[in-house]
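Structure incoming, see below.
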Number of protein chains: 2
Amino acid sequence: MDLKRPTLIAATLSTCGLLASTSQADVDKAIEYRQDALGVMAWQIGPLGDMAQGKIDYDAEEFRRRAENLAAVAHLPWEGFIEGSLQGDGHGVDTDALAEIADDREDFESRQQTLVEETAALAELAQEDDFAAMRRQVATVGETCKGCHDNYRAE
Amino acid sequence: MDLKRPTLIAATLSTCGLLASTSQADVDKAIEYRQDALGVMAWQIGPLGDMAQGKIDYDAEEFRRRAENLAAVAHLPWEGFIEGSLQGDGHGVDTDALAEIADDREDFESRQQTLVEETAALAELAQEDDFAAMRRQVATVGETCKGCHDNYRAE
């Protein structure tokens with residue numbers, strides 16, 4: 001299936017009754033869900049970044065808790081990027097998710113997997129007491145976020 | 001501290017420079033965070049409820065995945081219920097969180113703990129194959145949600 005034209009395909013198949021189970025409301029809910037999940041990620045990573053950059057004091061207990069929370073949710077948002085839910089797809093919710101996601105699903109999914117792995121590595125580092133290593137890993141996680149945003153999120 | 005009047009207290013202390021670290025923007029962000037986290041919970045529990053009620057077919061893999069996700073996020077929303085973030089507190093974001101939460105923080109926190117425990121029990125049951133037990137536990141989780149909503153969420 002040509003993922004570059006999900007809306008047209010969905011519309012065509014829907015006319016045939018083949019995609020009756022994915023409604024406009026389903027697409028809107030999926031967008032809202034992924035925005036919620038990304039919001040939860042942003043909330044967790046915020047203090048980690050602030051501690052890594054020295055904007056707030058390092059607190060081992062909070063660092064560990066945030067790192068664990070981040071690792072626990074890093075796999076969640078992605079199921080919300082369903083067909084017909086990108087910019088220009090004609091749904092009912094504003095989204096920054098660019099149509100380019102559909103051009104290279106493989107790259108998009110590979111980046112998700114990298115984020116899951118890098119946040120897991122951060123949660124593991126947070127169990128020990130090498131703050132320099134934790135700071136480096138926060139930077140790595142941040143670069144993973146940024147790499148995806150640069151390619152697939154509207155500015 | 002009298003938790004029934006957090007806004008007034010915050011305003012007073014803020015004038016004294018004692019609460020400078022919690023701004024209006026911080027309160028708004030905390031409300032948005034908890035709404036995001038509760039949205040993620042709702043997304044995960046939806047298909048579990050539908051399977052338990054026979055609205056959609058039981059799918060062991062999806063049931064297990066949703067139950068694990070739900071258990072992983074059940075502890076997250078609650079840190080967003082900070083002082084000054086309830087209905088009537090004069091912040092900048094709409095919320096259904098009733099002022100009654102401040103009247104009995106102990107009960108509110110006890111209900112959070114119950115939810116964490118009941119969702120963990122559900123995730124554990126989902127590793128086995130007793131669907132009747134899973135259905136009962138979905139109902140228990142649902143009642144836990146409802147108990148809190150009945151007491152502390154605007155209709």
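Start at 1 and count along the chain as shown; that gives each residue its number.
Placement of Cβ uses the backbone N, Cα and C atoms for every residue, glycine included.
Pasting the relevant annotations from TrEMBL:
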- A:Cys145, A:Cys148, A:His149: heme c binding site (BINDING)
- A:1-25: signal peptide (SIGNAL)
With the heme c site defined by A:Cys145, A:Cys148, A:His149, which remaining residues of that chain have Cβ atoms positioned within 8 Å of the Cβ centroid?
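Same chain, not in A:Cys145, A:Cys148, A:His149, Cβ within 8 Å: A:Arg111, A:Thr144, A:Lys146, A:Gly147, A:Asp150, A:Asn151, A:Tyr152, A:Arg153.
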If you draw a 10 Å sphere around the Cβ of A:Cys148 (heme c binding site), how many other Cβ atoms fall inside it, taking every protein chain shown into account?
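Within a 10 Å radius of the Cβ of A:Cys148 (heme c binding site) lie 17 other Cβ atoms.
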Here are some binding-site residues: A:Cys145, A:His149. Which one has the most Cβ atoms within 10 Å of its Cβ?
A:Cys145
